[in-house]
Structures are given as C-alpha cells and as structure tokens.
Amino acid sequence: MNFLWEVENPTVTTMPLNVSFANRNYDLDYDSVQPYFICDEEENFYHQQQQSELQPPAPSEDIWKKFELLPTPPLSPSRRSGLCSPSYVAVATSFSPREDDDGGGGNFSTADQLEMMTELLGGDMVNQSFICDPDDETFIKNIIIQDCMWSGFSAAAKLVSEKLASYQAARKDSTSLSPARGHSVCSTSSLYLQDLTAAASECIDPSVVFPYPLNDSSSPKSCTSSDSTAFSSSSDSLLSSESSPRATPEPLVLHEETPPTTSSDSEEEQDDEEEIDVVSVEKRQPPAKRSESGSSPSRGHSKPPHSPLVLKRCHVSTHQHNYAAPPSTRKDYPAAKRAKLDSGRVLKQISNNRKCSSPRSSDTEENDKRRTHNVLERQRRNELKRSFFALRDQIPELENNEKAPKVVILKKATAYILSVQADEHKLISEKDLLRKRREQLKHKLEQLRNSGA
C-alpha cells in the first residue's frame, strides 16, 4: 500500500538527489498524479468488490482491477520545468560508477553500461510506464507515465519486479566476470550516462510515436490530430530514447522549423486555421565525419558512421471551418458556367505562356500585322462614309442635310428607289403605246400612197 499512501499524501515529496535539478516545480508534479486519486475507502472498496461479484459496479468503481490488464501505451510527457524526477535520478546513479568502489570489479565497462541503458530505455520498461531503481523498492510505485483510463497497477508491478530481478542477476554476473577498469574511463562513462538518463528519462518509446522504420533515405513524419496546445507542450520535452550501443556519444539535436508569418497572416490564421507541431525523425551525419568521407573516397567499402537522431518540429497548418463566421457572399455558379470560366482561364494562361515563350521576332511580326490591319480598317471606314455621303446627295429630301444619320439615309434611299422604279414602269408602258401608234400611222400612210397612184 505504499503507492496508495503516496497518493493520499501528495504534499510529501522526495528531495532531488542531484543538486543541478534545484528548480523543480512541485505543483506540476502534483497535477501529473492528480488523475490517479481515487476515493478514500480503497481497502473497503476492494473488499466489497470481492464479496459481491454479482452486484453492478458503482460509478467510481475500478472495474479494470479484476481483469489484471496491462497499461495502455503511454501518453505524451506532461509539461514540466525540469527533468528532475527521483526515478530517473535513481536510474542514473544506479548505472553510474560509484566512488567507493574505486573502479573495482563492481563497475561495468563502457560498452556494458551503454548496452544496459539502451535495453532499459528501449525495452518494455518504458512501455509499462515505470522507470525504477533496482535497489530501491519505493521507486517501483513511482508512476512516470500512466493512462488514467486504465489501472492495471498490480500486473505492471509484477512485471516490473520480474524485470528488476533479471537486471540484478545480470549485474551480479557482470560484476563477477568483468575485469577492473580505470577510474578515468568510469568517470567519462558515468558523465555520459548521466546526460543520457537526464535527456531520455521522461521519454516514451519511439516505436509508439513513430510506427514506421527509420531509413537513411527518407524520414517519415507522423502527424497526430490532437489538440495543438497539448501537443506543443509535450513536444517541447519529447526526446528520442533510442541510442545504439558501443557508439560514440553524440548529443541529440532539437531544432524548430516554422515559416515566418506576417501580422496579417497571423490574424487570419487565428480565425480559420490551427497550428499543429509535428515531430519528425531523421538521421543527420555530422559535418566532421562528412568531410572525412568526402576527402577519402578510395578507402573501399567501410561501415558508415553512426549518425544521431535529430528531432525536427515542422509547422503544419490544418484548415478548420469557422462556424461562427457570417456566410460568404460568393455566388455559386452553375456547373456549365463554372466549366466555361475555367476553360477561359486555361486558354488565357495558354495564350500568356505562348506570348512569354515566343521570341522577339514573333513579337515584331505581330506588331506589323496589327499595324497593317489598323490601316486597312481605317480605309474601309473612310470608303463607307464616302458612299453614304454620295447616297445622301442622290436623295432629293436629304441632299442638303449634312447631319442625316445612316439609318435615315438608308430608309429614304429605299423609298426613293421604289418611286423611281414605278416611274420607270410607267415610262416603259407609255413607250410601248407610242410604238404601236407609230406602227399604225405608218400602215395608214402606205395605204394612202397606193390609192393615189
């Protein structure tokens, strides 16, 4: 019941083992374990549950206790001001060489310490949300990351105790078999292990966050649709917990890539869009090793140097619809008209591209053609104007009217033509009558001549 006593007395805190972590914020630690508080009657509650199995569960009943379920994958680390929890300080002190041993047989070699730290950080310990000191049983109950929806505390404690027993056995075996190392080597390895434990103590397993394997050619990005504030606060403290054993200690680099935004753009994004920080992992080769590999290309096929994991925070903007905004006044054109507008835009773009891609000679040719066309069009208009003036002069009613419009000229000209045609028909009929009269007079004159002879 040590864990329940710690939960009931949240004000009791453990002093940090390292002096460098003096700026600890205990209020945030209290907030991190607050979801695990349950009712005051734990013993009676579980005793009642064992006695009455057939009764329906109460609203505050821990129904998952009887199933002995494993905890779910851990949540993102909570917002903390410093990395100073006693659990990972205990881990750092337990795996670091001690001064009272004087570099004797009780210390690990550098390779063994790196391997054990890698197994501890990358194994099931992080997935079970516990990082404990093997020598101290009180740290078994110290919860670093735990989902409040699940409460498989007893099963997780059993697994942790079994894991710690195996680690203690491995420590004893390695203590009896490993040769004595120098104090300088142990001091350097202890400093590196302390930095590693301080950096990756409150981290989660990367296989949970990044389900895809890490390749040298591509670095897949895992995007989550969680709340932006929670994710940004957790991504500030998120570090990679994978490090290869027997590798040169190299620092983990964390940098942020966010595009610069102006004031107007930021105001618009606050209304319609929401920023999400996406953490991506990629492998980057140090510049020193890169220069060495570039200077000696003829050394043959050698093993590529170990490159550290680099965490990048990218800026991804997802559009969120603002339902409180007034409706837009943009008109929805029908499909046919929209297709016509799109086709017109495409044709305009094609013509612009042709104009831009055409050489200067084609531009001069087009200018010459346009100039000749303008001259011919001007000549045609002048001739048409002269013909209208001539037609106006032929009409008796519009002969002296210089401001007569073209429509009036055409109408009067049509009426005048019809009247002239009617006069022509009359004159033709009169001509025919006169010709007949002439024929008759000629025939009568010949008869008179014949009778007089």
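Each residue, glycine too, has its Cβ placed from N, Cα and C.
Under the heading phosphoserine, Swiss-Prot lists SER20, SER76, SER85, SER176, SER307, SER328, SER358, SER361 (among others). Positions annotated as SUMO2 cross-link by Swiss-Prot: LYS66, LYS158, LYS163, LYS312. Marked as O-linked glycosylation site by Swiss-Prot on the basis of similarity to another entry: THR72. Look at Swiss-Prot and you will find 280-292, 329-345 tagged as compositional bias 'Basic and acidic residues'. Feature annotation from Swiss-Prot assigns N6-acetyllysine to LYS289, LYS331, LYS337, LYS385 (among others). Per Swiss-Prot, compositional bias 'Polar residues' is recorded for 349-361.
Looking at SER361 (phosphoserine) and LYS385 (N6-acetyllysine), their Cα atoms lie 37 Å from each other. Remark: of the recorded positions LYS163, LYS385, the most isolated position is LYS385 (fewest other Cβ atoms within 10 Å of its Cβ). The 10 Å shell around the Cβ of SER361 (phosphoserine) contains 8 further Cβ atoms across the protein chains shown. Here the C-alpha separation of LYS163 (SUMO2 cross-link) and LYS385 (N6-acetyllysine) works out to 107 Å.
Look at LYS163 (SUMO2 cross-link): DSSP puts it in a helix.
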